[in-house]
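First comes the structure, then the notes that go with it.
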Amino acid sequence: MNDNAFTFQTLHPETIMDALFEQGIMVDSGLTPLNSYENRVYQFQDEDRRRFVVKFYRPERWSVDQIREEHQFALELVKDEVPVAAPLAFNGQTLLAHQGYHYAIFPSVGGRQFEADNIDQMEAVGRYLGRLHQTGRKRPFTFRPDIGLAEYLFEPRQVFEDAALIPSGQKAAFLKATDTLLSAVTECWRTDFATLRLHGDCHAGNILWRDGPLFVDLDDARNGPAIQDLWMLLNGDKAEQRMQLETIIEAYEEVSEFDTAEIGLIEPLRAMRLVYYLAWLIRRWGDPAFPKNFPWLTGEDYWQRQTTTFIEQTKILHEPPLQLTPMY
């Protein structure tokens, strides 16, 4: 069974509690599901009133070696005093198994939502991203992939071609817009950037604030350019994004060098994320959680909007990239 066909319907509460009991943890509260579609994540409290989070990984998405690399990276970051949510070890192992599922247990870490429009918080995030990347540069991932065109563009293009859920009246226009976008990204893409281990999905929703930033969810960690962990923090118009990026880079460079030439990768990376995310939704459609939570995916209007989004992103790729002020 591949990861596209898999569902979590056999992951019952009793199965979860049995898995935790095997590690010496008695659940003394209910299992509260947290927002995660790719995996299944639950918060709970044990009999000593300690709070934990347990994460059950979607089978076949990542190999055991790839998940262990993610965990090792998180533990390295903690050792280097970078604030991340890292898995706990049981008998020396962070990746655990029960009834065919792989899972990990984390301490439950509370915090407020990171405020992307707060300049002080943005500076702190930039500084800690510099430290995170210092650790990331020590060595690359061996088993986890690099960010590249095949995974983020060409494989999704085939998913779109094969997808039965795209309305027939919209498919031709959508595929045409996709092909035009892919060509534009390919023209802009560079492979001469330095790569390092990244958080990979560093947006505001994966940063908590507790007297400073706390990075969570390294599930998408990959090798790639440093800018991948910066651009998703930007929002607003170009002037606002320029100010935000300058704030991040200035703080980042207090602890780590940043190649400003990578700024030209922001819009190609944005396009790649748009394409990859849409293909991900289609791939996961067999999981009942997806039709339930994304019912609009089969609608004509939705695919019209996606076609327009791809056309607009293609236009942006033909414009000059974001420019920093001359002091940079």
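Each residue, glycine too, has its Cβ placed from N, Cα and C.
According to Swiss-Prot, the site 'ATP' annotation covers S36, on the basis of sequence analysis. The feature active site, proton acceptor is assigned by Swiss-Prot to D201, with sequence analysis given as support. Taken from Swiss-Prot, the feature Mg(2+) binding site covers N206, D217. Summarising the annotation, Swiss-Prot assigns active site to D217.
The structure, with features from Swiss-Prot marked on it.
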{"residue": "S36", "record": "site 'ATP'", "Cβ contacts under 8 Å, 6 or more apart": "K55"}
{"residue": "D201", "record": "active site, proton acceptor", "Cβ contacts under 8 Å, 6 or more apart": "D217, D219, D220, M232"}
{"residue": "N206", "record": "Mg(2+) binding site", "Cβ contacts under 8 Å, 6 or more apart": "H199, F215, V216, D217"}
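The Cβ of D217 (Mg(2+) binding site) has 22 neighbouring Cβ atoms from other residues within 10 Å, across all protein chains displayed.
Under DSSP, D201 (active site, proton acceptor) is assigned to coil, being neither helix nor strand in the three-state scheme.
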